[in-house]
């Protein structure tokens with residue numbers, strides 16, 4: 001799609017993702033027409049477990065860097081990390097003229113840019129659902145949706161070939177906390193004709209209509225009423241509607257609320273500042289006021305619902321929190337479900353809470369202490385029927401979720417050939433009556449570790465994997481290559497292999513075979529480079545160690561040629 | 001409980017676990033009276049994710065080693081790894097006079113001992129549910145239960161103080177495949193009086209009666225009938241009843257079965273040998289016969305239902321299996337649920353299967369392609385009501401499962417003070433009318449890595465963690481301590497840190513500061529040992545590297561004092 005290698009015909013609109021397809025995370029969608037590109041969202045992805053030591057994964061922004069002059073703006077659907085977390089990394093690599101965001105997302109992005117000292121890198125414009133931004137060829141407007149964070153929007157992009165609708169992350173909640181999804185506007189888009197729908201696929205596998213957020217509030221109130229001791233609630237810090245409901249349940253049962261966890265404090269400050277959290281002035285107390293209040297008048301609201309080892313709840317459960325510990329009789333409510341991969345750490349936290357004498361209530365069909373922010377299959381069909389798109393491209397999901405989402409579209413009457421499951425980088429070329437997969441723009445993943453962006457690749461990750469399994473063993477050997485002599489007993493350093501104090505015998509043997517084999521190699525080969533010597537010695541020692549202890553540490557001989 | 005430190009009174013029976021309490025895995029329960037110890041099960045545990053590189057976790061057998069002369073026998077409830085996997089490690093450390101096992105478990109243990117060349121280390125006796133083994137003070141008999149492997153038994157131990165009943169892993173299945181749990185015998189035990197019940201707590205959190213295995217067979221048959229292409233079924237290799245039902249569904253729909261995965265082949269051989277798998281002689285085919293058979297007459301039965309990277313299904317999904325690949329239109333059925341911690345890898349496998357063109361059916365309340373082998377809360381209450389024990393000790397479960405199991409016992413009318421949630425090593429001392437936690441025997445975990453048993457401790461695991469997060473950096477420095485001189489540019493080796501080819505500049509800087517700071521240290525301190533020098537240099541370089549790239553590799557200076 002750059003000049004050398006046009007993959008769009010001049011009249012076609014290109015739609016592609018740099019992140020978000022075939023994965024949950026790093027959502028970054030682009031719509032391109034002639035000299036204009038608009039970007040929808042710029043998220044990070046949290047690394048899968050095999051990416052040892054990596055902090056974040058972001059998209060490769062190469063295509064955007066090369067086409068910087070076309071970029072009209074970055075439009076943000078909502079303030080979750082997988083939609084805004086990539087912004088600092090994006091702004092470090094290229095110029096974005098303006099970032100358009102809803103009110104809450106704007107607050108969260110501003111805070112993020114302050115932390116990265118990037119406040120001057122771009123301008124943030126707060127949009128409202130009545131705003132329209134018009135560029136030379138495309139114009140962008142918004143419709144409210146419901147999701148697990150306030151101010152979530154879908155985006156409609158009017159192009160010369162037709163309307164493209166991007167749902168953002170959404171569900172339909174008929175009894176939401178906060179404003180309801182704008183059915184009227186969504187239906188009107190459908191009536192006027194939509195060329196292509198891009199829709200959230202996260203929960204396409206679930207054959208249901210996601211439970212209303214309000215039901216969670218009612219369940220919480222019922223639970224609160226039955227409890228006569230302290231209540232500790234853990235939930236997602238960004239779910240401000242949930243927090244409002246926990247506040248209401250507390251107020252209704254005469255409880256004061258103490259907050260633990262930095263992100264929970266941040267959200268609460270932003271949320272109260274924007275008027276999303278409403279309660280009497282004296283509802284919140286500080287941790288050192290806790291001791292003056294009767295236990296049955298206390299709610300503790302904290303982070304750690306995913307069992308994250310450093311979050312408030314985990315430290316409370318461990319007994320390592322400096323300000324608060326479990327009092328036998330406390331009830332801990334998980335207003336959350338474990339994200340796949342976190343089930344074990346959540347389980348560990350619950351075990352510790354029980355051990356400390358707490359009762360624990362988790363979300364289940366019997367307790368209803370949580371609901372998802374994403375549309376189930378029934379709501380996805382409703383969106384499809386309201387929008388009635390010509391073409392359909394499922395987004396925001398792993399491959400199976402995207403694929404199953406297209407099956408829902410077919411159930412709703414779409415032709416299978418009008419649905420397109422794409423990979424990141426693949427370009428869908430749209431014109432009034434046609435959609436085709438036209439080619440690829442560069443895409444890929446970039447690993448962020450500490451302050452390094454992209455300086456870690458497969459080799460480093462592979463080495464970390466080997467090191468994590470069996471550790472390493474360095475043997476430093478001083479030789480005189482010319483005299484073909486090993487000068488002294490090799491020095492052995494090892495970490496993560498065996499506990500050396502208990503393995504003196506093994507160390508001695510390794511030293512001995514190192515000397516013997518080095519001698520052997522030096523004598524055998526007339527001329528041997530240090531590199532050859534290293535390679536041969538590595539193989540030999542690896543075999544020796546494996547035969548001895550059936551382990552495969554990384555073997556690193558360091559050979560110093562010393563002329564003595 | 002050894003002579004020096006008696007914790008049981010002479011008339012008391014001691015019950016304790018060396019593994020299995022507060023965890024799922026390494027089940028090893030002991031019952032001791034005077035000069036007799038009997039052991040029930042000897043399992044391994046699969047390491048949690050933080051135990052990097054560890055193959056198995058086993059109990060510390062110290063107490064049994066010290067009291068070898070008391071041990072009368074090891075009684076095996078069933079053939080799962082968390083009940084028999086520890087046997088080779090146990091036999092390497094001490095003498096067990098006899099191992100008593102059901103028919104299938106005996107076959108599996110024999111195979112295991114052959115692999116470890118331990119066939120002569122003990123004698124295996126096959127027991128039947130009518131057998132009674134009588135020692136000086138205790139006598140042992142058995143009752144059939146239902147579980148996800150054939151030949152599962154509960155154990156009743158008659159002691160001078162009363163009857164102790166250990167359920168093994170169980171559920172109550174009213175319509176099982178294979179023989180039904182022996183309600184009569186269990187009820188009779190209850191009628192005659194049981195001093196203490198030890199009961200499986202795995203599913204105590206689930207407020208249900210576990211679905212019958214037979215229902216899975218019916219669902220599978222229904223699904224099989226609707227499919228007109230190849231069917232690939234993944235399930236647990238040891239679930240022979242499940243395999244029998246898949247065989248029956250295949251036979252009923254005129255399908256031949258090809259097997260993939262070594263453990264599935266083993267089970268099938270053992271299972272057919274013992275008569276647990278019944279089918280017409282020509283039901284099974286080899287992989288190279290597949291091409292001669294119509295796709296709608298093929299069932300492929302394979303391992304990999306947990307997304308294990310090297311198992312057959314994962315390799316089929318990846319396209320890396322040498323004998324077979326997905327044909328678009330194949331249907332893959334997961335006759336399993338992901339164990340907590342495996343949800344992500346199962347998800348990845350499903351994505352790949354969809355990409356390759358397969359349909360995928362997983363277990364859900366709509367498909368019923370799986371059921372658990374463990375009793376839900378309702379069955380646990382039934383066991384409690386049948387046995388009516390004086391005292392209750394929940395076993396086989398994490399802390400929360402044990403705790404919730406005691407709540408079920410209280411619902412069934414037991415007094416809370418008669419229920420005992422213990423930790424591994426804690427001894428419950430029982431007499432006719434009393435149960436007390438009397439003290440501790442040595443217990444703990446031993447890590448197995450390769451051929452090493454217990455040579456890896458916390459230090460090695462901690463080092464592996466550091467290495468896996470940020471890698472390591474070795475700097476080899478030749479100095480002359482006497483002349484206070486650094487002799488040449490330090491040699492730097494690093495792995496898992498940054499990709500060095502792209503980081504020449506950083507390497508150069510590290511070399512430079514190493515030389516400068518070593519010089520500085522040598523000059524500053526009048527006399528400095530190599531160890532002091534190493535420590536100071538480590539701290540200095542760690543700070544330097546962190547400031548540069550915000551990472552914390554393990555820094556290892558190697559200082560060679562060379563007298564030149």
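Here the Cβ of each residue, glycine as well, is placed from N, Cα and C on the backbone.
The domain 'Metallo-beta-lactamase' annotation in TrEMBL covers A:25-220. According to TrEMBL, the Ca(2+) binding site annotation covers A:53, A:55, A:449. Among the features that TrEMBL reports, Zn(2+) 2 binding site is placed at A:78. Annotation source TrEMBL lists Zn(2+) 1 binding site at A:80, A:82, A:83, A:147, A:169, A:396. The active site, proton donor annotation in TrEMBL covers A:200. What TrEMBL lists as substrate binding site is A:237, A:238, A:239, A:370, A:371, A:372, A:373, A:374. Positions annotated as active site, proton acceptor by TrEMBL: A:374.
What TrEMBL annotates, mapped onto the structure for a quick look.
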| residue | record | Cβ contacts under 8 Å, 6 or more apart |
| --- | --- | --- |
| A:78 | Zn(2+) 2 binding site | A:102, A:104, A:105, A:147, A:149, A:151, A:152, A:153, A:168, A:169 |
| A:80 | Zn(2+) 1 binding site | A:43, A:149, A:169, A:238 |
| A:82 | Zn(2+) 1 binding site | A:24, A:25, A:26, A:27, A:43, A:44, A:45 |
| A:200 | active site, proton donor | A:167, A:168, A:169, A:170, A:374, A:375, A:380, A:395, A:396, A:397 |
| A:237 | substrate binding site | A:261, A:263, A:264, A:266, A:267, A:303 |
| A:239 | substrate binding site | A:148, A:149, A:373 |
| A:370 | substrate binding site | A:216, A:235, A:334, A:335, A:336, A:337, A:363 |
| A:372 | substrate binding site | A:148, A:171, A:202, A:203, A:206, A:210, A:211, A:337 |
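Residue pair residue A:55 (Ca(2+) binding site) / residue A:83 (Zn(2+) 1 binding site) shows a Cα separation of 16 Å. Separating the Cα atoms of residue A:371 (substrate binding site) and residue A:449 (Ca(2+) binding site) is a whole-number distance of 33 Å. Checking the recorded positions A:53, A:200, A:238, A:374, A:449 against chain B with a Cβ-Cβ cut-off under 8 Å leaves A:53, A:449, in sequence order. Rounded to a whole number, the C-alpha distance linking residue A:83 (Zn(2+) 1 binding site) with residue A:449 (Ca(2+) binding site) is 19 angstrom. Other residues of the same chain near the Zn(2+) 1 site, with their Cβ within 8 Å of the Cβ centroid of A:80, A:82, A:83, A:147, A:169, A:396, are A:27, A:41, A:43, A:77, A:78, A:152, A:168, A:200, A:373.
In this entry, substrate is bound by A:237, A:238, A:239, A:370, A:371, A:372, A:373, A:374, whose most widely separated C-alpha atoms sit 17 angstrom apart.
Sequence-distant contacts of residue A:449 (Ca(2+) binding site), defined by Cβ-Cβ distance under 8 angstroms and a gap of at least six in the same chain, are A:53, A:54, A:55, A:455, A:456. Residue A:82 (Zn(2+) 1 binding site) falls within a helical segment according to DSSP. Annotation for the binding-site residues A:83, A:374: lowest Cβ count within 10 Å of the residue's own Cβ, A:374.
Neighbour density for residue A:238 (substrate binding site): within 10 A of its CB lie 23 other CB atoms from the protein chains shown.
Of all Cβ atoms in the shown protein chains, 16 besides its own fall within 10 Å of the Cβ of residue A:55 (Ca(2+) binding site). Highest local Cβ density among the binding-site residues A:53, A:147, A:169, A:373, A:396 belongs to A:396, counted as other Cβ atoms within 10 Å over all protein chains shown.
Counted within 10 Å of its Cβ, the other Cβ atoms near residue A:371 (substrate binding site) come to 21, all protein chains included.
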